[in-house]
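Quick notes on the structure that follows.
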Amino acid sequence: MNPLNRLRETWRPDQVFDIVQPAPTFDKSLDTKHGPILYVEDISVSFDGFKALNNLNLYIDDGELRCIIGPNGAGKTTMMDVITGKTKPDSGSVYFGQRINLLKLSEHEIARGGIGRKFQKPTIFEALPVFENLELATASNKRVWYTLNHHLSGEQRDRIDEVLTQIGLTAHFNQEAGALSHGQKQWLEIGMLLVQNPRVLLVDEPVAGMTGEEVEHTAELLISLKGRHSVIVVEHDMAFVRSIANKVTVLHQGSVLAEGSMDQVQSDPRVVEVYLGE
Amino acid sequence: MLTQRLLLSDRGGMLVLGLVVLMAIIVPICNLALPSSSPFYISNFTVGLLGKFLCFALLALSVDLIWGYAGILSLGHGAFFTLGGYGMGMYLMRQIGDRGVYGHPELMDFMVVLNWEELPWYWQGFDMFWFAMLMVLLVPGLLALAFGWLAFRSRVTGVYFAIITQALTYALMLAFFRNEMGFGGNNGLNDFKEILGFDLAEKATRAGLFVASAISLVLGYLACRYIVTSRAGRVIVSIRDAESRTRFCGYQVESYKLWLFVFSAMLAAVAGALYVPQVGIINPGEFAPLNSIEMVVWVATGGRGTLFGAIVGAFSVNYAKTFFTTYSPETWLFILGGLFVLVTLLLPNGIVGLFDRFRRKGDK
Amino acid sequence: MNPLCRITPRHTLHALLLWLICLSPLQVSAQTPESEPDAQSAAAPTTAQPSFEQLVQQLAGGSLRERAATVKQLSSQRDERLADIFNALVAGDLLANKEKPPTIAIREGEKLTDALTGTDLTGTERLRRIPVNNGLRTQLRGQVAQLNLSHPNTDKRYAAVQRFIRDGVDEETASLLRAHQEVEESGRVQDAITTALAVFQLQSGDREIRLAAIDELSGSLEQEARNALRGIAENDADAELRAAATEAIESIQGRISFYRFVENLFFGLSLGSVLLLAAIGLAITFGVMGVINMAHGELIMIGAYTTWGVQVLFPDLIEWSLLIAVPAAFLITALVGIAIERGVIRFLYGRPLETLLATFGLSLVLQQAVRTLFSPLNRSVSSPEWISGALNINPVLSITYTRLYILIFGLMVFFALMLVMKRTTLGLKVRAVSQNRAMARAVGVRSSWVDALTFGLGSGVAGVAGVALSQLTNVGPNLGQAYIIDSFMVVVFGGVGNLWGTLVSAMSLGLINNFLEPYAGAMLAKVLVLIMLILFIQKKPKGLFPQKGRAAAD
């Protein structure tokens, strides 16, 4: 980057002043006519010489449910960080649809634009009731002045109710979120993604620490999202992955090792070696 | 609907506001209408003292808004308060006219002493009340905007933010101590004569300032209440509790922090502007980092995260300060220091939290 | 005088210092009193001639003519005390009383010393000035100049040569100087003599000699040399000489500005070392442990008060007081620090803002405690002899020992701390706990114990810094406040958790501050530095040397 551009970047007013920012509704410009909704191409990220991602290529189709597996340190979380704008890669490109370059956008812009993310550890607003958690996440104008003066519309309330039913927390809507069980917190977080009406959902280890029944419920929930949203699930639990996925991507040392149905992947000798070998 | 939201749902706040309104009515009456022999007479000194406390309460509100709700600890709010005070002070200085010691029609006494030929450009316009008030809001507001912009966009948070805001007020203190700055150096601005044509030594003027402070406090409270009960208020609390989640919900965290910081700075500036005519002096000592940190203790003692707690804290700590500095000045710093430690260790929610705890116990 | 003073640390330290800065040899003469007995025995008269002491005592009484005779007799004596006595006599600073035998005293400002024994006098001896007239003065001047030239103290010899230059050099003094140049050891005095001779040659009638003299003077930094050159550059009839003189002045100015730069550099580093000392304890508690200790400044203050306490408790050991105070201050502040950690901070781990407030409260309590216990007024901490004075490198560059020692001391403390952190088990455990508390505990590190010790270490270093600062600033209850913000700035600028960063940032802040000061004034320089820091944090929010990697992201 030349100094002039860097200077321009530094003083970009929209870095802080959201009033001068264009409304980031990507729906109009989102172009998925070639199939994939997310193009991750040649992404490399390194921390202090350690290559977390190494020429990673990944294409997610519109409405697809994709599972991503891989041993520890394969770069799964880093990949999510790159897509959601938390980490800027050293090289490569990430496109949302065919036109929107995600690397140029900041976290909140990406979130507003339709990519939601659930963290490994459930992060919800523990001090607020379930309903307010969803209210905060609801898709609407999220600028300061608007939120200062406007309340939820009836439509938005309906949408929240709908999601509450979907995640099975209708009965708990007035309960403080911190008091929910671990599984319920995970669902609430997924619910918070859903009320934003995202096109892509990134879900990091949704069933870690859940009871069998909760796992089952989560699987149903994720499968029900398929079609309306593209869902990317990162998970260690093989049984769970098998139960929901039709397409699985295996990451190893920062790049894609294998891709295909669960059976194909499991019979791939390289995958077997990574998981069992050495 | 709005009353419900701002007042009725907030019992503690209603109680405190009620007391403030009551005070705004009773104190001037007892001061002006009663003879000084009456047992209910309230002395001029007490009126001045309570007026000062009202300004401090407004200041505490501004600190609570940014610290209690957004979790941003600013150790530089004294800077905004003092800048507001200087704005008012400059207006009051211009009102002196040729009644200064040196009798110069335009220049302030300290400028005459420094052999200045003409009024510096930044003193122009301060003879107009509206302009001075505009500056009282604009200058601290712009400073907060610039400073907050720089700080928040590079994601300076927590203790780092606290320390650089402290450095900000410290730097301003050093700068204002310089005579060449043109704000009276060490001595600051004083010897005010009148405000809007009313003699500042007059009892009625002081009572008027007292009522103005009370009204500002009530309005400031309602404005803060409006913010914290809005959706924006919930976003702000969410930022405090889970900043990164809020960001991934699509909120531009920096923007919220920045506007809240600017609003809070302006509120502090208003408090400063009301404070100066009542105490009759403003000097760079007000920028001292200790002052800014004392404000935080008012809020911590009262109970942060509840707006009326800040008012309660400002009144109780300042009352204690007046009491101890009068009767036993040696002990005051021990008590203030002890308060810092005790409140953070034992009373994280302050006096209000203590009451809540008792009430909950009572309920059981 | 206390016998211990004879073996002051001054000698060793000076020697060390000379090695460190590799300067031209400087003669150190601390021990005039010690060498006295030899001189005495040498001069001790077995003949009927009056002894040196008797002669000096004779000065007190008698007429002016008798005094002139005594002076003549004294001139033939070779005694080290003579130069001082004559100097004082000329200046009217030689006093005597009417006792038998009289006490002869030398006045130096307010201080009175016995001219013969060198002991301090109390001022109750009813001393009167010994009168001199102009004739005697003229007689003395020549004597004094000559005597001073052979004075054992370098500074005195140097001053004597400078007086020659100022008063004008004639043929006689020139030959005297030439003779002395042969035996002179100090380079500084040698240079001054060269200058004096060149100034003398300037007055010569021969143009070649004058040109050569100008050339000679162009290398001199003496004020007098510049004056002489300026005289020629402005008034001389010969254009070539004028040009040569102007050129010489320019070359001198160039060198002077170089030395000014060196001086600025030194002052900057010295300020930096003060910042380093103040901040380095913080670099441990804040940088490594992540604890915001606003009472850090007060720990420095306690260290400074410890120095004062040591001097009050052992008034006879002023020379050693700093060396005693360093470990004492370390222990005391470390204990206070551990008490703070155990009493308050350990309940607040993971809540940095609360820690900040609580420790700020503690700082108020400590300040007020000192105010109540001692007094709100500043205490005077005296400096041992070996730390006072200045190292005169040349006429435009002199370095005070205090600042030099503090610079060296700051670096020593820094490297000692580095060693502790890198090479000891405590350091290892501290780093382990700071990186992953749970894991460290799991492998058997007693984290609470490590916390207390680390905090104690950081606090102890603050106390040691206080000892050093007591030599620079007033020791009062507000001492700490003046340093706390600066210290935090240093740590933030350097990058949290990085001792090297602290060193670099302290030194660069010191330099920036010092180089800005002449242009902006002290206060504005500070303001500018603060603004620059705030802008700097924009570009590098994690300081100059940030911790890298995955762990740092959280």
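First residue shown is number 1, and so on along the chain.
The backbone N, Cα and C atoms fix where each Cβ goes, and this holds for glycine too.
Annotated features, as they stand in TrEMBL:
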TRANSMEM  B:12-34  transmembrane segment
TRANSMEM  B:40-59  transmembrane segment
TRANSMEM  B:66-86  transmembrane segment
TRANSMEM  B:128-152  transmembrane segment
TRANSMEM  B:159-177  transmembrane segment
TRANSMEM  B:207-228  transmembrane segment
TRANSMEM  B:258-276  transmembrane segment
TRANSMEM  B:296-320  transmembrane segment
TRANSMEM  B:332-355  transmembrane segment
Relative to the transmembrane segment (B:207-228), which of B:40-59, B:66-86, B:128-152, B:159-177, B:332-355 accounts for the most Cβ pairs at distances under 8 Å?
B:40-59
Excluding the flanking five residues on each side, which residues at least 6 beyond the ends of the transmembrane segment (B:258-276) place their CB within less than 8 Å of a CB in that stretch?
51-52, 54-56, 58-59, 61-63, 65-66, 69-70, 72, 74, 77, 80-89, 92, 133, 136-137, 139-141, 143-145, 148-149, 152, 189, 192, 209, 212-213, 216, 220, 223-224, 227, 236, 282, 286
For the transmembrane segment (B:159-177), give me same-chain residues lying six or more residues beyond its boundaries with a C-beta closer than 8 angstroms to one of its C-beta atoms, as numbers and ranges.
72-79, 82-83, 86, 147, 151, 183, 185-186, 188, 284-285, 287-289, 292-293
When each of B:12-34, B:66-86, B:332-355 is checked against the transmembrane segment (B:40-59) for Cβ pairs under 8 Å, which one has the most?
B:12-34
Which bits of the chain, at least 6 residues beyond where the transmembrane segment (B:332-355) starts or stops, bring a Cβ under 8 A of a Cβ in it?
12, 294, 297, 299-306, 308-309, 312-313, 316-317, 320-321, 324-325
